[in-house]
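These notes are about the structure you will find just below.
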Number of protein chains: 2
Amino acid sequence: MIRTPSGEDSLIARYFKPLATDPGAFGLVDDAAIIPASGDDLVVNTDAIVEGVHYLPDDPPGTIARKALRVNLSDLAAKGAVPAGFLLTLVLRQKDEAWLAAFAAGLGEDAAAFGCPLLGGDTVSTPGPVMVSVTAWGRVPRGRMVHRFGARPGDRVMVTGTIGDAALGLRILTGKAETAALDADPAARDMLIGRYRVPQPRCGLAAAVRDYATAAMDVSDGLAGDLTKLCAASSVSADIALSRVPTSSAAARLLAAGSVELETLISGGDDYEILCTVPAAQCEAFRAAAETAQVALTDLGTIVEGAHPPRFLDGQGRPAALTRLSYSHF
Amino acid sequence: MIRTPSGEDSLIARYFKPLATDPGAFGLVDDAAIIPASGDDLVVNTDAIVEGVHYLPDDPPGTIARKALRVNLSDLAAKGAVPAGFLLTLVLRQKDEAWLAAFAAGLGEDAAAFGCPLLGGDTVSTPGPVMVSVTAWGRVPRGRMVHRFGARPGDRVMVTGTIGDAALGLRILTGKAETAALDADPAARDMLIGRYRVPQPRCGLAAAVRDYATAAMDVSDGLAGDLTKLCAASSVSADIALSRVPTSSAAARLLAAGSVELETLISGGDDYEILCTVPAAQCEAFRAAAETAQVALTDLGTIVEGAHPPRFLDGQGRPAALTRLSYSHF
């Protein structure tokens, strides 16, 4: 299925065939792949990353590959699905063997680590920026995909990991001044950069999300904007305590120094954490499952009735006025 | 699943939600789509088309959309699969509502005509050329996908439709001199341009390909090169009669006038016909099925033993020396 105008044949055989370990991939010599019949529903998702938009031109090729796959695995995890395979579309400016070798190595390591084999794809040339598009699918028991809709008043709003690190990592990479307070701390800088370049999809939490969440999505375009979407899809609103938004110690230092605003963190993109709503009675069991999966979990607030956007409340219980909810492409 | 940074929300709701008629698409408000469990194998394929590479910047948006979907439907048909749904990744320079409206209209008509609903996708921005990537899947009874491998000595080599029209259509659009003989015949020119812009996937022949073909693929990068790939995958060779290559009357006129060589037609891309091999004993039944499906079918020659590339034989039975087998991106 990787379409191979003759110039690409050797490229694909050399770099991508070793990743096509699933029998349904037919070693990438056929025009299509097979997903065998099974009793599970398939959850399918596609996300593309573009050079200069979702990653920087001089990011290491291995991290670009990992990010392209992981942003899709993050969606699957939030839907309660176990990864099953992916297709890769590579839009390249030229045949750069060193870049491709590093790209394929990173991709192969992640495909193996997440149990998500390459099944096929397409490689085309462009005079413009490089683009990597992945379509991934996962399995859920029939009828068990977790939706954006489904949140009910009284549900707790939970989020995994920490928020805003990736937005800060991007600011470091692009030389923005507000991260100067970390100039003397290379480990903190590297951590934030790493969070931008290589998201950590919460695949280990997929089964628990399926078992306990009434609604879920991954946070990719900013916590504030994504929660707004979840609430709109569920026809509810939410009250969130700004002070509860989980931050890394590096982010907390920048907040404490006044270098960045919390608003920047909750409207920044690229977190790839799971945002979900869980009935109060299930929270303990959900917490226990997260602990077993070694995924940090924070209770941000509560789902309430109403059609208004979620309120982000400050220490005095006053709604903060957010000027920017999320990243937008247009 | 169409990921919607807030600026894209209205765009997607307006233009693409009406196309998402399948219940598994959840009206495009969720982060992923569902393909429900069934007893069929799923055949998946992905092909991207890039502005300036696979279509021209001033091609009508509706034909760009149709081509993006149809090149994938063509692959599915050659694998014996019935279309079931697709994901769309749109990489756009800017939000051009008139372009999008026409694009979505063409896409919606084809999705309905081919019974292949939109299930989700991703929309991202780029400073470079526009790109449209489609991942489509279809259903085949368990274990019944037709492969590139499987051709056996003695099988007949069959191809649908006519070869080389799209390559000539592109030459007309790019103002190449060799089509001057058609300058006075706008209908012939329009036919060739139409063959370049809007391929005709042979979906009606999918069941017959499944029932009778030992190997099959769609011709997308040139008949000569694609047959070479099919033979290599099957560990066989072929003897093809050049005089049998089916051409349209417009192409035949250009050949007769000496304006183009047959080599140009059999190495040009974008035919999107089905190339397959059929045991001699099954040819009559396959022909009858093609007639019922109203798809023209031509017997090009025979599969032979050997590891050498297929031979294209002239009127005297001498192998023609082809300098260029197919289109290559790199």
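Just so it is clear, glycine is given a Cβ too, placed from its N, Cα and C backbone atoms.
B:Asp31 (Mg(2+) 3 binding site): 30 other CB atoms within 10 A of its CB, across all protein chains. A coil conformation is recorded for B:Asp31 (Mg(2+) 3 binding site) in the three-state DSSP classification, outside any helix or strand. Annotation comment: TrEMBL describes B:Asp31, B:Asp75, B:Asp218 as Mg(2+) 3 binding site.
Sequence annotations record features per position, and here TrEMBL assigns Mg(2+) 4 binding site to B:Asp31, B:Asp75. The local packing around B:Asp75 (Mg(2+) 3 binding site), expressed as other Cβ atoms within 10 Å of its Cβ over all shown chains, amounts to 28.
On its own chain, B:Thr46 (Mg(2+) 1 binding site) has B:Asn72, B:Ser133, B:Val134, B:Thr135, B:Ala136 as residues at least 6 apart in sequence with a Cβ closer than 8 Å to its own Cβ. What TrEMBL lists as Mg(2+) 1 binding site is B:Thr46, B:Asp47, B:Asp122.
In sequence order, B:Ala68, B:Val71, B:Asn72, B:Asp75, B:Ser133, B:Val134, B:Ser220 constitute the residues six or more apart from B:Asp47 (Mg(2+) 1 binding site) in its chain with CB-CB distances below 8 Å. In the three-state DSSP assignment, the secondary structure recorded for B:Asp47 (Mg(2+) 1 binding site) is strand. As annotated by TrEMBL, Mg(2+) 2 binding site applies to B:Asp47, B:Asp75.
In three-state terms derived from DSSP, B:Asp270 (substrate binding site) belongs to neither a helical nor a strand segment and is classed as coil. Residues or ranges marked as substrate binding site in TrEMBL: B:His54, B:Asp270, B:Tyr327.
Annotated ATP binding site per TrEMBL: B:Gly121, B:Asp122, B:Arg148, B:Ser220, in sequence order. For B:Ser220 (ATP binding site), the Cβ neighbour count at a 10 Å cut-off comes to 26, with all displayed protein chains included.
What TrEMBL records for B:Asp221 is Mg(2+) 5 binding site. B:Asp221 (Mg(2+) 5 binding site) falls within neither a helix nor a strand when secondary structure is assigned with DSSP, and so counts as coil.
According to TrEMBL, the feature domain 'PurM-like N-terminal' maps to B:30-140.
Under the heading domain 'PurM-like C-terminal', TrEMBL lists B:152-308.
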Distance, B:Asp122 (Mg(2+) 1 binding site) to B:Asp270 (substrate binding site) (CA atoms, angstrom): 25
Per-region confidence, the domain 'PurM-like N-terminal' (B:30-140) (mean pLDDT, whole number): 93
Count of other CB atoms lying within 10 Å of the CB belonging to B:Asp122 (Mg(2+) 1 binding site): 25
Greatest C-beta neighbour count within 10 angstroms, which of the binding-site residues B:Asp218, B:Asp221, B:Asp270: B:Asp218
